[in-house]
Every structure is written in C-alpha cells, then in structure tokens.
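Notes to accompany the following structure.
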Amino acid sequence: MTIAVGRAPQRGWFDILDDWLKRDRFVFVGWSGILLFPTAYLAIGGWLTGTTFVTSWYTHGIASSYLEGCNFLTAAVSTPADAMGHSLLLLWGPEAQGDFVRWCQLGGLWAFVALHGAFALIGFMLRQFEIARLVGIRPYNAIAFSGPIAVFVSVFLMYPLGQSSWFFAPSFGVAAIFRFLLFLQGFHNWTLNPFHMMGVAGILGGALLCAIHGATVENTLFEDGEQANTFKAFEPTQEEETYSMVTANRFWSQIFGIAFSNKRWLHFFMLFVPVMGLWTSSIGIIGLALNLRAYDFVSQEIRAAEDPEFETFYTKNILLNEGLRAWMAPADQPHENFVFPEEVLPRGNAL
C-alpha cells in the first residue's frame with residue numbers, strides 16, 4: 001500500500017506580506033495603507049509644523065503662524081514665492097540645497113503638504129476600493145470620494161499649474177482659503193461661471209436631499225418598540241424594514257405629485273447630485289487655470305459706460321471685481337511693487 005503525502009505549497013514573501021496587510025485588526029492596513037498612512041501622516045504633520053512655526057514673511061510679506069500671533073482661523077501654510085515658479089521645491093533641490101530653514105522660508109512646506117495630501121486622498125480612495133472588494137460590495141463609496149479628490153487636485157494643483165507659479169494656489173488655512181475665494185471672484189468672475197453654478201446646485205442640492213431623506217425616514221419609522229426613545233427599537237441585524245417606504249411615497253406624492261418609488265434610484269440620485277456638483281466645479285477650476293472667460297455681458301458693460309443712469313447687478317459686480325483686482329493685487333503680490341494712480345481705481349457710475 002502506497003501513501004502519498006502532499007507537500008504544502010511554498011509561500012513566497014508576497015503571500016506572507018499580503019496576509020499580514022489584510023489581517024483583521026482594529027485599523028485595517030491593506031495595500032492602500034502603504035500609500036495612505038505615510039502620506040497622510042506627513043501632510044498633517046507638515047501642516048501642523050507650518051501653522052505653528054513657519055512665517056510667510058519671505059513669500060507673502062505676512063505673518064502666518066501661531067508663533068507670530070495668529071490663531072486657528074488666521075494661521076496658514078503659505079504658497080511658495082512667485083519666483084519659485086512650478087518647482088517641486090525638494091529639500092535637497094537647487095533652491096534650498098538641503099537647508100531646512102531656507103526651505104521653509106521659500107515655501108517648501110506648502111509643496112510638501114500639497115503633494116503628500118493629494119497622494120493621501122488617493123490612498124484613502126484606494127482603501128475604500130480595497131475594503132469593498134474584500135467585503136464583497138460595490139465600490140460606490142470610492143467613486144463618490146473621487147469628487148473631493150477632483151476638487152483638491154484641480155484647486156491646489158491644476159489651477160496654479162495653469163498660472164505662473166504655485167504662488168497663486170490657495171494657502172492651507174481658513175482665512176487663506178477665503179482670500180483665495182475673493183481672488184477667484186476678482187480675477188475670474190467665478191460666481192458667474194456656469195460650472196460654479198452647477199457646483200453650488202450639486203452641493204446645496206445634495207444637502208437638501210440629505211435633509212429631506214433623513215426627515216422622511218424619521219417621519220415614517222415603524223412603531224416597533226415600547227421605549228420612549230425610538231432609536232432603541234432598532235437592531236443592526238434585524239431583517240425587517242425599519243421605516244415604511246410606501247408611506248413615504250404616499251407623503252411625497254401628495255406634496256409634489258411625484259415621488260421616488262424605488263429605493264435604489266433614490267439613493268443613486270443622492271449619490272449622483274453632490275458628486276456631479278464636485279466634478280463640474282473641478283472642471284470649472286481647470287477652465288480658470290487656462291484663464292477661460294464665461295458670461296461676459298460686454299453689451300451691458302458698454303451701455304453702462306456710456307449711460308450713467310444704466311446699471312445692472314452684472315455691471316455692479318464688474319465694478320466690484322475691478323475693485324478687488326486694484327486693491328488686492330498690491331497687497332497680495334508685494335514683490336511686483338504695483339502702484340495704481342487714483343484715476344484708474346474703479347468708481348461707481350454715480351460718482
């Protein structure tokens with residue numbers, strides 16, 4: 001009698017590493033974690049370091065750190081000096097030559113945070129793809145997260161790449177982002193851009209859908225518990241529905257005359273609206289990077305210039321944009337030494 005004993009298959013280093021990365025632990029690592037965790041750690045650490053210690057005196061002529069007296073709303077990691085162009089500003093590059101202090105003064109931390117932040121966001125999206133595949137569900141979470149990634153990449157990377165340097169990107173700070181919004185309005189008339197309009201419709205529409213959906217579900221919960229708190233009547237593993245889709249459909253049919261009767265369409269619509277808003281606004285920002293114009297009603301501008309009594313909300317906004325450009329440019333770009341004589345500063349038609 002012959003007994004054959006099978007030899008266990010050889011496990012290579014890749015299989016061992018794959019098992020370790022995908023092990024069930026409190027914080028899942030996975031292959032995406034190799035990209036996500038180091039880049040997110042460095043991006044957040046760089047931002048905390050910059051807002052705490054690093055000045056923007058050499059790049060923007062302003063104070064931007066807690067050390068200089070800023071608070072959480074006014075501190076920022078500022079963009080590099082305009083003279084740096086689109087350099088990656090590597091610490092060991094020709095600009096800083098390994099000098100960490102000089103690297104910080106030139107704005108190297110901004111490039112560091114922006115690039116590591118972009119890769120961290122991509123790593124987080126890949127993490128959602130990876131876990132969805134392991135759990136056996138569809139990857140719509142990752143697809144939805146492509147919206148914020150598109151906005152980050154278009155605003156912080158694509159826009160300054162279309163301009164003369166990284167200097168014109170937003171700095172990483174609350175007040176700094178507000179300044180960038182004013183800049184986009186003054187120099188690009190961004191609020192009148194159709195892609196901005198689609199973005200606003202998507203984001204605010206998504207918020208409205210979220211509020212309506214949450215309220216409707218709360219309105220139509222089944223009375224399936226004796227407790228005073230209705231939340232205690234729900235069990236995550238229960239098989240039966242927790243709210244009545246039929247009742248919700250009847251309610252909104254009476255309100256609007258039309259309502260979703262399919263939960264799958266309803267939730268896809270709630271996914272589609274805000275994500276499309278993010279995507280379209282990202283496309284618009286790329287248009288601004290190329291200095292494309294949208295909705296310039298020149299005929300109204302010409303008539304307003306010829307007729308002091310003719311003015312529209314559009315022409316008033318154009319004057320405001322001129323004011324933003326004239327008063328913002330000297331303060332925002334001190335290295336250019338802009339000086340505007342009084343006669344070229346914008347004045348209303350009635351003045």
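Placed from the backbone N, Cα and C atoms, the Cβ positions cover glycine too.
Of the given residue ranges 25-38, 81-94, 151-164, 319-332, Swiss-Prot assigns the label transmembrane segment to 151-164. Within its own chain, the transmembrane segment (151-164) is flanked in space by residues 79, 82, 85-86, 114, 117-118, 121, 170, 278, 281-283, 285-286, 288-291, which lie at least six positions past its ends and keep a Cβ under 8 Å from the stretch. The separation of His196 (chlorophyll a PD2 binding site) from Gln128 (pheophytin a binding site), Cα to Cα, is 28 Å. Between the CA atoms of Phe260 (plastoquinone binding site) and Asn141 (pheophytin a binding site) there is a gap of 22 Å, rounded to the nearest whole number. Nonlocal intrachain contacts for the transmembrane segment (277-293), taken as residues 6+ away from its ends with a CB within less than 8 angstroms of a stretch CB, comprise 146-148, 150-151, 153-155, 158-163, 184, 188-190, 193-196, 198-203, 205-206.
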